[in-house]
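Taking it in order: structure first as structure tokens, then the write-up.
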Amino acid sequence: MRSLLGLIVGAVAGWTVGVLPWLVDGGRLQVSSAWSSIEPDETPWVALPFGEYALGLLIVSGGIGGAAGVVIPRLLRIGHHTGAIGALAGFAGALAQTWDVVGPFREETDAAVLLVVVLVAAAVTAPVLGVLAGLGIASGRRWSQVAGGTVVAAMVGSWTAPLVLAVGLDGLVHRAHWLLAPALAVVLARAGVRPVWHLLGWVVPVVVVTFAQPFFTALSYAAVYGSSGMGSGAGLRELIDSTFDVFTAASHPSAYLLAPPAVAVAAALVWSIAQTLSGRDHSGPDPVSERG
């Protein structure tokens, strides 16, 4: 019974949490060159963000949702392993529904086919990545939790921004990326500072989370311009170069604030040092790991 409940909760919670920004915004299929016959005022409801303008949201929805589908059953103590299966099943069902709607209207051009392949690949791989992150968080093992937490922290800002827009709080959208600060701080604090070499384990989370937003910006650019035909033939090299330029520009401190990661590092250092000095440091060997 618990296994069945975990399966159901994993599927429902994973999909609902993951696509929440999409649901709040109405869940309507975006206009796309890959299904240009669908009129803008007649776009149907679909279970996943789909289209060249929704690629970034599709990835973070799958990542956040996959993790939620594992962590929520774990918190409820109803079986997070079956929750993982449920989360994957939920997103598979959502992809099937979306494909059932989009399939009949799909264009047969090379650019349209390439876009659909990329969207389907993202819809399949993102929930898998999210589930793996959730399993890491639920495992209780330090470095598994650090790895899983890094994935979630890297996506939380890009997941929150469209949600803020969907509820009409446009003025706060540029502050959504600040959510990565507490998320990253928790990850770094879990890595700990004792022994000192644990600080090396801070490098990857900081780098991944810092450059996640520029990566999604560049990815969205590539999806939009690639779907217009620029991504085929002689235009492919130009698309790659321009996408790299977008990533570089978005990574510049003048375009992307480094303050949230810096605050996260400072907060994690203060917390870890305070825990060590007070004798309540929990960054020693993991009991779970010691038991194998």
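Note: Cβ is positioned from N, Cα and C throughout, glycine not excepted.
Heads up, TrEMBL stuff is auto-annotated, nobody curated it.
Bear in mind that the values here come from a model prediction, so they are computed numbers and not experimental data.
Per TrEMBL, the features are as follows:
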TRANSMEM  50-71  transmembrane segment
TRANSMEM  78-99  transmembrane segment
TRANSMEM  111-135  transmembrane segment
TRANSMEM  147-169  transmembrane segment
TRANSMEM  175-193  transmembrane segment
TRANSMEM  200-224  transmembrane segment
TRANSMEM  255-274  transmembrane segment
What residues elsewhere in the chain lie close to the transmembrane segment (111-135), defined as a C-beta under 8 angstroms and at least 6 residues from its ends?
14, 18, 32-35, 48, 50-52, 55, 58-71, 74, 80-81, 83-84, 87-88, 91, 94-95, 98-99, 102, 144, 147-152, 223, 226-229, 231-232
Contact call for the transmembrane segment (255-274) and the transmembrane segment (147-169): at least 3 Cβ pairs under 8 Å, seq gap 6+:
no
